[in-house]
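Engineer: Below you will find the structure I want to go over with you.
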Amino acid sequence: MRHDLRMGLGDIWPAMLAAVPIGFLFGALAAAKGLSPLEVLVMSALVFAGGAQFAAVELWTTPAPIFALVFSTLLINARHVLMSASLAPKLGGFSLGQKLAGLYYMADENWALAEKRARTHRLTPAYWFGLTVPFMLCWLMTSTLGATIGAAMGDPRRLGADFAFTALFIALVAAFWKGRVTFWTVAAAGIASALTYRLAGPPWHVLAGAACGLLAAWIAAGTEPAAVAEEATP
Amino acid sequence: MTLDPINLLAILGMAIATYATRIAGLALAGRLDLSPRAQAAFDAIPPAVLIAVIAPSALATGWPETGAAAIAALAATRLPLLAVVAVGVVAVVALRAVM
């Protein structure tokens, strides 16, 4: 059990490092919109969803537009339904309480690492919480500190910090590479998401990109046997 | 340190919406009996979602970001996770400086 806990810690720290500048950036942006450090702490602890939190801060006015905030959060996090459905069959060693508590803090990074782990090992609660607890604490601390320090940090773009998540996600996609089907998935998801972002704006791009990526995988997988037969013919 | 009641209400709404999406999969998972083709689509969820989240930053921000994303993708074929992040960040700073 201690081994799995340490494995989780060992796997999550690059994602934690990538999350540090993002956490500071989030806190600083939230402070600029008038949210107090306490409100940032409460939001990070209860919601714990980077993309949705950034979008919420973008939408935030005084008084808070509750419906718009909840709707945007629901749309951006709709992918979690698919993610938890994919993860659920791999949680065999978890009690119901461990599932309900563990999934509360399921984000893109720890979920992706758990999926990667499940391809070669049995997924244990020790591994999951070894990933999740440090990652959650990192997000709480950096976002709250960011809100406290606020605008004094300067422009995070200058250091390229805003690009850390993009590079991290590209690296994570490589871990899921399964050849031709993945290629079409990535191409369709990328183009659909970027186009939707330009034409309709956030949060629709996540939904459109994910949907087109899945559709592309479904189509590409259907043509697989034919393609193999063609290659086999000299 | 203040906690505005309306802000707290909004945060609670966001938290409930998020948690609902995170546990919905528990109810769904047992009922799915997938064909090989549907299984391929299901397996494609991780890359599709990851790419959909970052595509605006990689493809719709500017040429330096698109170039750095391409360099990071190339690095991802042979380097470990953190090295890819480092290469991507250095590339975007360098490309922003020259473009």
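Note: Cβ is positioned from N, Cα and C throughout, glycine not excepted.
Just so you know, TrEMBL annotations never went through curation; they're auto-generated.
Copied straight from TrEMBL:
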TRANSMEM  A:12-31  transmembrane segment
TRANSMEM  A:63-82  transmembrane segment
TRANSMEM  A:126-153  transmembrane segment
TRANSMEM  A:159-177  transmembrane segment
TRANSMEM  A:206-229  transmembrane segment
Engineer: What else in the chain is close to the transmembrane segment (A:126-153), if you only count residues 6 or more beyond its ends and a Cβ gap under 8 Å?
Structural biologist: 1-9, 11-13, 15-16, 19-20, 22-28, 30-32, 35-37, 40-41, 44-45, 48, 50, 53, 94, 98, 102, 105-107, 109-110, 113-114, 117
Engineer: Same-chain Cβ contacts of the transmembrane segment (A:12-31) under 8 Å, 6 or more residues past its ends?
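Structural biologist: The answer is 37, 39-40, 43-44, 50, 53-54, 57, 60, 109-110, 113, 130-132, 134-135, 138-139, 141-151, 153, 156, 159, 161-162, 164-165, 167-168.
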